[in-house]
Amino acid sequence: MTHLTLTRPDDWHIHLRDGDSLADTVRDAGRYMGRAIVMPNLVPPVTTTEAAIAYYERIKAHSSTAFEPLMVLYLTDKTSPDEIRAAKASGKVVAAKLYPAGATTNSDSGVTDVNNIYGVLKAMEEEGLLLLVHGEVTDSAIDIFDRERIFIENILSKVVADFPGLKIVLEHITTKDAVDFVMSAGDNVAATITAHHLLYNRNHMLAGGIRPHFYCLPILKRNTHQQALLAAATSGSKKFFLGTDSAPHAKDKKEAACGCAGSYTAHAALELYAEAFEAEGALDKLEAFASFNGPDFYGLPRNADTVALVKSPWQVPESYPLGSTTVVPIRAGEIIGWKVED
């Protein structure tokens with residue numbers, strides 16, 4: 001197969017950052033994505049509806065296409081049910097994000113104990129606002145490769161049981177444990193999967209030298225977990241959909257003694273997913289994963305127009321502009337076999 005026409009996809013998890021980076025991140029995100037769930041972990045975080053709408057306007061100011069950002073509230077111990085109701089009424093905010101405090105980039109203001117937000121989760125269940133979850137515990141005694149599994153066992157399973165009417169997305173899943181949990185849960189639980197977790201495992205990051213641009217959170221796992229993710233993404237299950245978790249950091253912040261977590265894939269998101277699906281002999285499953293399952297779960301219409309993927313190898317630039325700096329993308333300087341036609 002050398003040509004694919006797909007309903008325009010959406011990205012159900014992306015980091016656009018802010019300030020002078022926005023012009024570059026919005027350009028890449030909006031090149032062929034119809035919509036994107038925009039992460040709220042700015043500095044300061046997007047904790048109010050007012051802040052979310054202001055961020056929406058900053059993003060739209062840099063968009064020359066019909067690209068539509070879907071906004072997310074950042075949950076803290078102090079988030080109120082009234083804020084949830086205001087978010088739902090805004091028409092711009094579609095979800096709220098649970099970051100366990102300290103779990104990832106700019107998450108220090110996150111939730112210290114999920115019991116602190118049970119009133120908020122009840123309001124979300126009543127209002128129909130989705131809960132997005134970074135599923136890792138933060139206990140320093142827990143091995144970093146086990147933090148997703150422990151979070152599911154100790155925290156998420158209880159939330160799912162206590163709020164059966166709450167739609168929950170376990171974001172950027174990385175383990176067989178997460179796949180099994182999502183598959184066994186009700187129709188109100190789904191998951192996003194990144195392209196880099198489908199294409200790579202921890203050997204790519206650590207064997208033969210440390211490759212900092214593969215360092216992300218949740219961290220890449222062993223290849224058995226990678227295979228479980230591939231099986232889930234290509235299974236045809238409606239519970240799994242595209243979320244790049246594309247997370248730009250300036251080159252000097254990645255290539256450092258203590259480098260930041262995050263991989264940049266927005267420059268070639270659909271192309272990278274196509275490679276993963278092609279390797280599994282499942283290109284026929286790509287459209288549902290990229291274009292149908294996400295909007296169906298969110299209760300939004302599917303995009304009406306299409307994009308074309310062609311088998312046309314191209315070389316990824318060594319870097320892309322990121323405001324006054326540069327970002328090194330996944331596959332920098334390497335060949336990608338698929339290309340979205342402009």
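FYI, residue positions are counted from 1 along the chain as it appears here.
Glycine too: its Cβ is placed from the backbone N, Cα and C atoms.
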Original post:
Where Swiss-Prot shows HIS13, HIS15, ASP245 binding Zn(2+) 1, which of LYS92, LYS97, LYS167 is named for the same site?
Top reply: LYS97
Subject >> Further binder of substrate named by Swiss-Prot next to HIS15, LEU16, ARG17, ASN41, HIS134, HIS249, ALA261, taken from the candidates LEU73, LEU166, LEU217 >> reply: LEU217
Subject >> Recorded Zn(2+) 2 site member, picked from HIS172, HIS196, that accompanies LYS97, HIS134 in Swiss-Prot >> reply: HIS172
**OP:** Please name which of the binding-site residues listed here, HIS134, LEU217, ALA261, is nearest in space to HIS13 (Zn(2+) 1 binding site), Cα against Cα.
**Re:** HIS134
Subject >> Length of the line joining the Cα atoms of ARG17 (substrate binding site) and ASP245 (active site), in Å >> reply: 12
Subject >> Among LEU16, ALA261, the one of these binding-site residues whose Cβ has the fewest neighbouring Cβ atoms within 10 Å >> reply: ALA261
Original post:
What is the interatomic distance between the Cα atoms of HIS249 (substrate binding site) and HIS172 (Zn(2+) 2 binding site), given in whole Å?
Top reply: 18
**OP:** Taking the Cβ of ASN41 (substrate binding site) as the reference point, list residues of the same chain whose Cβ is under 8 angstroms away and which are at least six residues distant in sequence.
**Re:** HIS15, TYR74, LYS97, TYR99, THR104, THR105, ASN106, SER107
